[in-house]
Amino acid sequence: MGAAGTRTVIVALILPLLSAPAWALGPQYGEPVTAFWLQNGRAKRSANPQEKVTPDRGEIMVMVEERQFILEVERNHLLFAPGYTETHYTEDGQMVTVSPNHTDHCYYHGQVRNYEGSSVALTACNGISGLIVFNANDSYYLSAPSVPSNETHRLVRTQHLPIRGGRCGSDGHFGDAPSHQQDFMAHLGHNRVRRNVWMAQKYMELYLVADYTMFAKQNMNLGSTKQRVVEIANYVHKFYMSVNIKVALIGLEVWTERNHCDVTDDANQTLKSFLQWKQKLKSRKKHDNAQLITGATFRGTTIGMATLEGMCTNENSGGISMDHSDVAIGAAATMAHEIGHNFGMSHDSVGCCVEATPEEGGCIMAAATGLPFPSKFSSCSQQQLMSYFRKGGGMCLFNMPNTKDLVMGKKCGNGFLEEGEQCDCGEPGECINPCCNANSCTLKEGAQCAHGECCQDCKLKSAGTLCREMSGSCDLPEFCKGDAPFCPPNVYMLDGSSCGYEEAYCSNGMCLTHRQQCIHLWGSGALVAPDVCFEEVNKAGDKYGNCGTIGTEQYIKCMAKDAKCGKIQCQTNVEKPRDPNMVKIGNTVMVNGYKVKCDGLYSYSVQDEEGDPGLVMSGTKCGDGMVCRDRRCQNASFSELDQCMSKCNGHGVCNSNRKCHCHSGWAPPYCDSPGRGGSEDSGPAPDDFSEGLTVFLVLLFLFCLLVVAFGMFYWYRKPGSLLNKWLRKSKAKCNTWLEMSPELGFISQPAGA
């Protein structure tokens, strides 16, 4: 609501679209409609046609043949991350970076009133444009007029939008494998994950780059290019909300004078070049993932490409997407797909996408895109995402920013905890938090807290209470501090830390071993093949054994020292891999007259080796002090780890903030004095003494109970003991009483006696 208690509304008059198929299937660019903001049920128009009307929450009217719909929308407060910056370049190549205030931005999410399950994502910067979804069968795109002061917009079914169809070049799609699907889905159904890892809110800080060709397509207009990029980000945010991931822009960069990496028609080489540029970006701008949007056209039908399971890594957390459609949602669907590869999602196989038919747009991880644009993740994709988090992937996503730092207009009742507020549970009519006063955003009497993992029944949990479990062997637990309602930020073991019984090194929170990859691909019974399998198979330099490719067709032979960084070699009795997009490639190697079995994998139509799950993952240990990088077994530099470990006095490990996480019994920060363990970042570990005392008392009680029972039994059996005499006397009295009971009438007579 506004300051005066009024409610601003967007109304859309498009009912005839659903009731008149002929109208809905009209011209390619849609039918004219009228769209404008409402306030108190009346049109809200500015006296100045150039003045933008962008309320924090509102409704818009779109009129068609005197019918109307109401789109209830709210500004996307999580679109811009704290610390958001914009960068461009002067004509002589000088970098210009600014930190704009986007409190009153013009990007919205919402729904259609009276349509359950509907969805809206709009831009109201220059007129009103965006996606309106009534249900799975009916979605429309509202386009703004060329003149902002004109209220006449156009509305078109998404099926009729102009688009250049295409495919993702990151991974193959084995469309003729229905027999694999049942086995794959059966495995997914039994692949349980910790509930808190999946349910925990994830927050991805995204850095978007528009290349020079995209800038040129926007008529060299910097403002127009930035608006286009942010609109794409707004759609991507909407897509990922369905899987509990909030995607926020941490930075936007436009290459206004030239491309800063090689952008060609070869998508594979463009991706490699962009990822190399991205590694330099990390030093000047912190981010979780970076994506390049290009106006160039890739060779063939490829419209995007990304690395598999690259999220959070400095080397591979990124991708590239073509801006291939007249409307921003086309590039957004492609970008959401490529980010999905970074999250470990492969292309959907036959039978995976039951959430939407091809006529409804299909699912986001389909290998090829068309119209309408996909907007849903299949059940297969969601299970792959859960599996990725389960093994420790995406560690950088578990730290939500302080909502007091988010870019938004401060207001009690918006559901975000802001400066000066003790709590915020939304509008008074929608607040269900028993600890918070919705009218004043203050805690109710007696309440210590209202939000957070360390708040229960309006009271702070005690220090040392576990609030975030370890999600893998390279993760570290976090504990409540006792004086704050929120769990400390997520930390994990520093890269290079030993894990997996010293078979591997931690890398971005994941313990990467050849055996774990074999188990992931084949199942729990899979083993790593002997080294000779890697050496013999991968030295062939063909599609079944290699150390990557040059371009899309020339395979690289593995040198002996790099063999364990090429195609993964396992030993399994399973005939079908878990991923139905892949098939088993069996080889036999003779060693001293004995046959050695080597089981590899092949993915059909793989265009980029980074997207081939049959290759050994980057960061996997390939020798002492050696890890796989760029398909080569290279020296791993652990200087940061060595420097940190020297401070921990042999009583702890190093976390991702390069601080000591002390073992139980030692106190941070340097683990050189007695304490409870943990680190300055994790919160205090549980008090081992109090826990040990409780266990001791329970065991002592059970021991005493056992001693008493044994003693009673012993004295009962010993003739002449007081206990034995007392029990005998009691037994005699009982027998006498039973003999007398018939005379007293206490024994019932048989029936009929």
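Start at 1 and count along the chain as shown; that gives each residue its number.
Here the Cβ of each residue, glycine as well, is placed from N, Cα and C on the backbone.
Not measured: the values here are computed from a predicted model.
In the disulfide annotation of TrEMBL, C467 is paired with C487 out of the candidates C436, C441, C487, C499. Here C662 is paired by TrEMBL through a disulfide bond, and of C654, C671 its partner is C671. The record in TrEMBL pairs C654 in a disulfide bond with C644, which is drawn from C644, C648. With DSSP classes pooled into helix, strand and coil, the tally for the domain 'Disintegrin' (409-495) is 0 helix, 16 strand, 71 coil. Each residue contributes its Cα atom, and for H337 (Zn(2+) binding site) and C671 (disulfide bond) these two points are 45 Å apart. Distance between Cα atoms for C487 (disulfide bond) and E338 (active site): 31 Å, as a whole number. The candidate set comprises the disulfide-bonded residues C467, C487, C662, C671. Of these, C662 has the most other Cβ atoms within 10 Å. Among the recorded positions E338, H341, H347, the residue whose Cα lies closest in space to that of C467 (disulfide bond) is H341. According to DSSP, the secondary structure content of the domain 'EGF-like' (640-672) in residues is 6 helix, 9 strand, 18 coil.
Non-local contacts of C644 (disulfide bond) by the CB criterion (under 8 A, 6+ apart in sequence, same chain) comprise L494, C654, R658, K659, C660.
Counting only the Cα atoms, the space from H347 (Zn(2+) binding site) to C662 (disulfide bond) is about 42 angstrom. Across the domain 'Disintegrin' (409-495), the model assigns an average pLDDT of 90. The number of other Cβ atoms within 10 Å of the Cβ belonging to C654 (disulfide bond), over all protein chains shown, comes to 27.
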